[in-house]
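According to TrEMBL, the protein carries these features:
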COILED    95-136  coiled coil
TRANSMEM  422-446  transmembrane segment
TRANSMEM  467-484  transmembrane segment
TRANSMEM  547-565  transmembrane segment
TRANSMEM  577-600  transmembrane segment
TRANSMEM  636-654  transmembrane segment
TRANSMEM  758-779  transmembrane segment
Amino acid sequence: MARGGGGGCCPSMDLMRSEAMQLVQVIIPAESAHLTVSYLGDLGLLQFKDLNAEKSPFQRTYAAQIKRCSEMARKLRFFKEQMSKAEISASPSQLNETHLEFDDLEIKLGELEAELTEVNANNEKLQRTYNELLEYNTVLQKAGEFFYSAQRSAAAQQREIEANQSGQTSLESPLLEQMSTDPSKQVKLGSLSGLVPKEKAMAFERILFRATRGNIFLRQEPIDEPVTDPVSGEKVAKNAFVIFYSGERAKAKILKICDAFNANRYPFPEDVNKQLHAVQEVSGRISELKATIDMGLAHRDSILKSIASDFEQWNHLAKREKAIYHTLNMLSVDVTKKCLVAEGWSPVFASVQIQDALQRATVDSKSQVGSIFQVLNTKESPPTYFQTNKFTSSFQEIVDAYGVAKYQEANPGVYTIVTFPFLFAVMFGDWGHGICLLLATLYLIIREKKLASQKLDDIMEMMFGGRYVILMMSLFSIYTGLIYNEFFSVPFELFGKSAYACRDPSCRDSTTEGLVKVRGTYPFGVDPVWHGSRSELPFLNSLKMKMSILLGVAQMNLGIVMSYFNAKFFRNNLNVWYQFIPQLIFLNSLFGYLSLLIIVKWCTGSKADLYHVMIYMFLSPTDDLGENQLFSGQKTVQLVLLLLALVSVPWMLIPKPILLKKQHERRHQGHQYAMLQGTDESVGAELGEHHDESHDHEEFEFSEVFVHQLIHTIEFVLGAVSNTASYLRLWALSLAHSELSTVFYEKVLMLTWRMNNIFALSAGVIVFIFATIGVLLVMETLSAFLHALRLHWVEFQNKFYEGDGYKFAPFSFALIREEED
């Protein structure tokens, strides 16, 4: 099953094909099962299979332990919430300092939770009483002001009545003044005082008036600062009120309305001496409660600080134990219930390490029986596992985002390390912008240890994860920028003087006058004299467009060649003869030939029109080429290539389905013959698996296979044209980047420079910097990244990459910690 293999503890880095995998079975004694799974989790090289998939979580062997772990996790979440409220942060994890057993931790967490719950309950009661006393104190002050002002106005009114009262009454005198003030006939009014939320004050007054038909006297006044509500514990703006009423029925209605409006009521003595005594008593109790609450909070903080010092260790231990028991629930229990049977995938190179872990677990658990490790034969498709490091992992993620490689399928990630940043740089060619990207990436790489331990936002985390991809992109951008000779769109004579000069001494503007070649060709990259000349766009457009086609055809040919290596590795000769060869012939008969014509035209300096050459190669293949002929015998070559392209289409389409049908029939007949001749039951049992396969082969539908092959053929033929055209995005985005950079430089920076105004120049520099960062270094980088991604996923990988595998997901404590972070 497994091809290749590796030895030693650490296999050599080989990203071309995934690691050789094996299905293993481990029989573990029950007394050492927990420690064995723990050691395998530390190793992180075994992916367990769930052998109890038909059972619900509650029917599994270790359901009770899982419940205990969940309860511990709940307690730890409770502690974390309490620490967050108290603004106490957990200390950095130091897992090797102390070792705490699972049972001891469970008891300790229970005790801490009970103590903390009790302290919190007491603090809540004290805090509620404290808030009630604060409100009561506020009511005493406000109600005292009400009564004091009422008494003053009543006394003043009484004095005025006595002064104006005469022995005789006139018809004009008020009726109330004529009434006798007999104390026995006066009605005793009751009063209620308290606080009501300010937003409900108007509705409160209106409802009271309607319910008592106006037979009340209500006085309200807003409190200057919000008060803490005893029930909710939140700051609420409230009004102090005093209600005077008459009768018990009115009192009952008022009490119900106060409850409905969450109005807190407090008793208020009418006697002045009692008021003063109440104020003093409340103030004293407030001081006592404040001191008691502070002591309670200090005690709570001391508990939380003791928890914080070990929180990370406890949290990791709880998650570790839960992961162990989840894994143990995936194991099958032997009928004797004395051992557990585990099955799973592991790399071939990890066999020795797994056996060492099993042996250590047996010794450390003092088990009398050791674990049994054996490799199983299977036809299941193994998981895909690549050994990556911090540099290659980000490039592998780019490939895996499209689809995980099938087991030991050729991995595009090997080529992506170079081709992805290079194609990005072709579209982002400016060595000034490349240096800016490089500096930003170097900052991330230099501080990677510190940044890895911090909590980053989504964008920063994405940039940090792909820091080595951006590093390669920036280096390649500097290289292509030197080739394009662009530094923020400004050319430099870095590698020598320009090969061209003005035609005569009177030439002062190379954009309007012709140039002549006066020295040897510029040694590296584009001659700086092309920038700013009338010929810049035609020259650079032609250069970049043809270069894009050459790069595209080269990468597509690489994809087709990789399909050959896949076919040879999986011993699929049909794909070699009826897929690889005709695809290679078809692509190169058309676009390989176009690439050859581009190189010949560059070498010879011919003025042939390649558009017409390719168009009339199909429309009029027998006509004379005339001035479009680049080499002798071109017409014959084109006829041969056209014939090869036409032949390769049925070559891809017809033979493969027919040969697949013949192979099926041969296998089917062979199985039928074996079953008829096999009279022994054991032979029949051995052939049972093959007999099942024969039934699968009976489902072979030639029409389905033919239609499938037809779809692939059409897809490749049309894709050869569309994919080649798709590579022209390299030219288009490179042109867009160059022109945007020129616009920002000339229309923003240089325009303000010519104004000879320091304020205009400062504004121009600021706009230029922000435009460069926002548009060219952010938006253009993202745009070029996405287009390079599309070229790899669609144009390159579809030639050979199926990507229908699944990742190797071993049981590993290190992965659990990464998920926590």
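Each residue, glycine too, has its Cβ placed from N, Cα and C.
Caution: TrEMBL annotation is automatic and unverified by curators.
Below 8 angstroms of C-beta separation, residues 68, 72, 75-76, 78-79, 82, 195, 227-231, 233, 238, 264, 266, 282, 285-286, 289-290, 292-293, 296-297, 299-300, 303-304, 307, 310, 312-314, 316-318, 321 of the same chain, each at least six residues beyond the ends of the coiled coil (95-136), sit close to that stretch. Tertiary neighbourhood of the transmembrane segment (636-654): same-chain residues 578-579, 581-583, 585-586, 589-590, 593, 617-618, 621-622, 709-710, 712-713, 716-717, selected by CB-CB distance under 8 Å and a gap of 6+ residues from either end. Within the chain, the transmembrane segment (467-484) has long-range Cβ neighbours (under 8 A, six or more residues past its boundaries) at 390-391, 394-395, 398, 417, 420-422, 424-426, 428-435, 437-438, 440-442, 444-445, 448, 494, 524-526, 540, 734, 738, 781, 785. With a threshold of 8 Å between CB atoms, the same-chain residues lying at least 6 positions outside the transmembrane segment (422-446) that come near it are 463-464, 467-468, 470-471, 473-484, 486-490, 547-548, 551, 555, 729-730, 733-734, 737-738, 741, 772-773, 776-777, 780-781, 783-785, 787-788, 791-792. Same-chain residues lying 6+ beyond the ends of the transmembrane segment (577-600) with a Cβ under 8 Å from its Cβ atoms: 546, 549-550, 552-554, 556-557, 560-561, 563-564, 567, 606, 608, 610, 613-614, 630-631, 637-638, 641-642, 644-645, 647-649, 651-652, 655-656, 659, 716-717, 720-721, 724, 799. Averaged across the coiled coil (95-136), pLDDT for the predicted model comes to 84.
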